[in-house]
Amino acid sequence: MDAATPDCTSKCRSLKHALDVLSVVTKGSESQIKSFLARYCYNAATVKDAFGRNAGHLASSCGKKGVLDWLIEKGVDLLVKDKESGWTALHRSVFYGHIDCVWSLLKHGVSLYMQDKEGLSPLDLLMKDRPTHVVFKDTDPTEVYTWGDNTNFTLGHGSQNSKHHPELLDLFSRSGVYVKQVVLCKFHSVFLSQKGQVYTCGHGRGGRLGHGDEQTCLVPRLVEGLSGHNCSQVAAAKDHTVVLTDDGCVYTFGLNMFHQLGIIPPPASCNVPRQIQAKYLKGRTIIGVAAGRFHTVLWTREAVYTLGLNGGQLGHLLDPNGEKCVTTPRQVSALHHKDIAVSLVAASDGATVCVTTRGDIYLLADYQCKKMATKQLNLKKVLVSGGCMEYKVDPEHLTENGGQKICVLAMDGAGRVFCWRSISSSLKQCRWAYPRQVSISDIALNRNEILFVTQDGEGFKGKWFEDKRKNSEKKADILPNLHHSSSDVSCVPDTNSVYERIRLEKLPFAHRAVSVSTDPSGCNFAILQSDPKTSLYEIPVVSSSSFFEEFGKLLRETDEMDSFHDVTFQVGNRHFPAHKYILAVRSDFFQKLFLSDGSSLELTDVYQKDEDAAGCHLFVVEKVHPDLFEYLLQFMYTDTCDLLTHGFKPRMIVKRKAEDCEGSPDSHLHTVNCHVDDKQKSAFEVYRSNQAHTLSERQKSKPKSSKKGKGVGDDDPVRMLQSVAKKFGLSNLSSRLEGVRLENEKINVIAKKTGNKLKLSQKKCSFLYDVTMKSVDGKEFSCHKCVLCARLEYFHSMLSRSWIEASSCAALEMPIQSEILKVILDYLYTDEAVVIKESQNVDFVCSVLVVADQLLITRLKEICEVALTENLTLKNAAMLLEFAALYNAGQLKLSCLQFIGLNMAALLEARSLDVLSEDVLKDLSIFYRKMIPAMERRVITPYQDGPDISSMQVEDGEVFFKEEINMEPNYSETMFKKAKTRAKKKPRKRSDSSGGYTLSDVIQSPPSAGLLKSAKTNSVESLPELLTSDSEGSYAGVASPRDLQSPDFTAGFHSDKVEGKAKPYVNGIPPPCTREDVKPWEKSPTTKSAPQFIPSNRVDTAASSSWLAGSCSPVSPPVVDLRTIMETEENRQKYGAAPKSNLGKIISHGIKLSQKQRKMIALTTKENNSGTNSMEAILTAPSKSPKPANAWAPLHSPLSRSFRDFLLEEKKPVPGYGSGDHVKKVCFKGTENSPALNVARCSTHGTPGLESNHVSDFPLLDSPNPWQSSSLAASPAVAPVTFASIVEEERQQEAALIRSREKPLALIQVEEHAIQDLLVFYEAFGNPEEFVVVERAPQGPLAVPMWNKHGC
């Protein structure tokens, strides 16, 4: 375990190694497993245990896809089988339900058809694991799959291309047509739907398609002549078609060359369906039809009728008069017996087979009726092929000794198949030469082979083993194929055997088959498979509508000062702001009112007065109580009101005499509220309650008579509201109030009536349009603001007063296509999405769902989920699952997961899961294991013995480090794009005191190679880490990323991270007090929360001091007077031309100095270069300082010292430093305006007490506002330059030279890409007003390059 290399060779076959490897695979994590395998055994990928299992078998069984992929890269043999059951890794991953591992194996070429010792392939295991409720029946909705050579367009795919495996006939699936029977012929095909409709395609010569013409149809087309009949069975041959309806009528069409249509007089052809006259059937009901090339067969329970060319297959003798054809249906006399009841009939070109209910099988051929077998009870299907006809009957179409041998197949209810062949003349049971047992549910027969469908939905193709005596040369080929056959199948066929031996071959892409058919020649095939959604029960559900609740909320939240209402009603002393569109749609009265502006109405109780506080129309409504008008509005908005609610207790409204109505607007109405405390009553309600007491005493004298008479509704609020509803044209409300009574001061709904619900239309009331939506493609939609705001919070926020869209007169541009925007608006108005429900375009519905998800229209999103589930197919299931996972469509995702789980075999065989991401594949695996109940018991218990890997970490294996550093060539570019995208999603924000910075600050400041770094941090960031860092506070510069170091600003600002040491300053600035620094009884001078610092990967001193100072300062900079500003400007001009200090030296980009050095140099440069543009920083003095000192005072150069002095200086501490003081070394880099970057080496003392007492106020550097400036801080003492800093500088210059030589091409390309993006962003090309140049910053000093001579 601890050895660096394994103790074996590449040919290791150690059984102990194998056991240890398998033990670790079962109990370790993926990282531990890979680390162990890389160190433990050279042959860990292929070593096997005693059962033949390797690491790949166990990894796929445990679902550890990462280990499996790693083993595949190491060359593990994926096709190796274990010794116990012959399972491959694919068998095991399927058995344990790890679909992600299955897909990984399939991508590396593992076959799905490899069989184990029991003859089961991985597809068979999937079929065996199918849930028990999934059963395929012929009554299920079925889809048609066809394949073959397609010579005559008989497959219906719209082209003449051949199909090598079953393909869906999507015409029926798109139109929702389910087919229950398919008949394939040489020149055409007939399809019978479950609804009784007939479709045909192929060559139409002679009218065999029944469309009224002889045109060729490439795809199935409905036979219009039979659309009014419910057809139950179809039969067809080479030139004609026979159709049987539910009522026993028979229709035929096509060529009538042999009088097989049964039409009198016989035409040459018939291109539309025509009925066979019932008089020839003696009033009996036809229950079945069959057809051959030369004849047609009809049968009832009692008799069989044939017609057509009599070549011996009709069951009739030769006509003595020489008539070759039977024109009308004629009963077969040999089967005319009282004990014969016909159950099944089949026909071929030269033979007819009949089966009776007693189990007798009759063959009509050679002008005879032969009994082939007896007592074959419970037969479900019979088929016949071949046959020979008398060529003298029609020498033009028949040849002497023509035809094929007769073969008859019969299947009983138990799934047994019996075969009768003319070469053996005996009925034999078929036995299958297949490694496992199959149960047959349907059969089809052609001249060369048999097709089968099993009860499990599988499809097979079978062929007979040829006779040994005639095909002895093929014996060598036959014997290997029977090697894995069941024990009851002998390898050598014998004509005297009681079984007919059939060799089976599985059909691909047949997993839900219920029926199969073939043409007589065996060139084209069709198979009916159950609809893949048949067993799906996870169907999305649309939540209940909140349409009325949203409008009710709009009514409740509307006030006179909002920007949404456009009309106000004054009723009594109350004002009701409302929306014209809703009132106009609900009432013709209000529509006329708004059209006429209240000037030409006959009703004088409503008139326009003036404008309300928001400038909207104000209407006065008289002789209506405010409560009644409130109920009225409530009904118009929500389609209901309180007086329609059973059990509601309304307030009693009493009307006084008419002469009392001339006073105030409310003087004629009094209300008694017996259900509210006096403290909750308004003054008006108390007044009405006092007046009601007197009225109640007057009515005590005749309480009974008060309930009768003319004024019965005067004190009933229900009747009063009904009267008001009629007055305002709300007949719907009036009719619904008919079934409402007020009993015992409560509402009693006697008869609940439902009227026309609230229906809104975008096209109604066009004169009230107040907002216009404009789509991306330029189409405009006029809408009503109140509907948009009520239905969607997005529009409510957009159209509020605080946004420009609310006051803009221009159309609102929506980033949505017009088709999608129309669906959104229709939903907002009608609460329905008819277009979505009827749409077959999955992409369009997905686009609507995306927009609905963005706009948070949950119910429309659910409608889209339902529509997508209805259109779920095997082709789009994986795509929709990935789509649902991406847009958080939970119900759609669940439906897709179950759909894929139910059809896992078909989707894996079709390779349809390649669009799924790894996360979705993992979710699919989890769901699949939960869906199969047996998966709970299929768990591999981790092996207890074996090596202990509990202490093993990821770093233990060298292979991981190599994998991580070996990036793809385009990886850096990909990460740069991701970082750019993330930066767009997170825009920078800046406030006066947040300390942030804008994009212009980043672009104008020069890129720096050095980083502020704590003493603890020595890590180097890779290029992907730099490019994917947060966009706030960091950006990718142009220098090499190898010299970038991980920043850690928290070390200088959080005392809990640096224990026992004083906090290091950044740029000589004391850090702010954190919450731990402030005592509980002292009031902090800062705000409640300390500012958060933004980490940066590339910060120069000028820029960093600016934003760091801003981030540290919780208050705004002080405002100084004009004199101070003038003095400051004078000092700048005075010292601007001063010579630079001797300490100024050029420093290269990328030099790595310690944090102390950088701080020290930066502070010194502030003092020396104050007149230049390289640094202008003003520090506020501590509160204890009596007056500010001049920060621009000239700095005295340090005295010259010897080498010994430098050594002694480093050994002894600097005088004047306390125990908590530190020497700060700062590396400063100038701005882009300076021609060269300076280096200053100095040592500074921190000011004692600054950190513990208060937080200094730091202004933003180089503020454009001259009125905002800060006081000047005193300059700290200068520290001597150490020898170590000189050595460090030389080392960094050498490192800079190496970096410049080894700069990777990928980084250079990133820089060039960034330069081009900046040029485009600042519109540098063709700009006559500005000259914009973007170039790399100078690298700075490098070490002198040395070229060594080699080979001397």
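Glycine is no exception: its Cβ is also placed from the backbone N, Cα and C atoms.
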Record-annotated phosphoserine (source Swiss-Prot) among candidates Ser1113, Ser1234, Ser1263: Ser1113
Selected residue, Swiss-Prot feature phosphoserine, from candidates Ser1116, Ser1275: Ser1116
Annotated phosphoserine residue, as Swiss-Prot has it, among Ser664, Ser1005, Ser1185: Ser1005
Secondary structure content of the domain 'BTB 1' (565-645), with strand meaning DSSP E or B: 32 helix, 21 strand, 28 coil
Mean of pLDDT values spanning the repeat 'RCC1 3' (248-301): 91
Residues of the repeat 'RCC1 3' (248-301) by DSSP state, where helix covers H, G and I: 4 helix, 22 strand, 28 coil
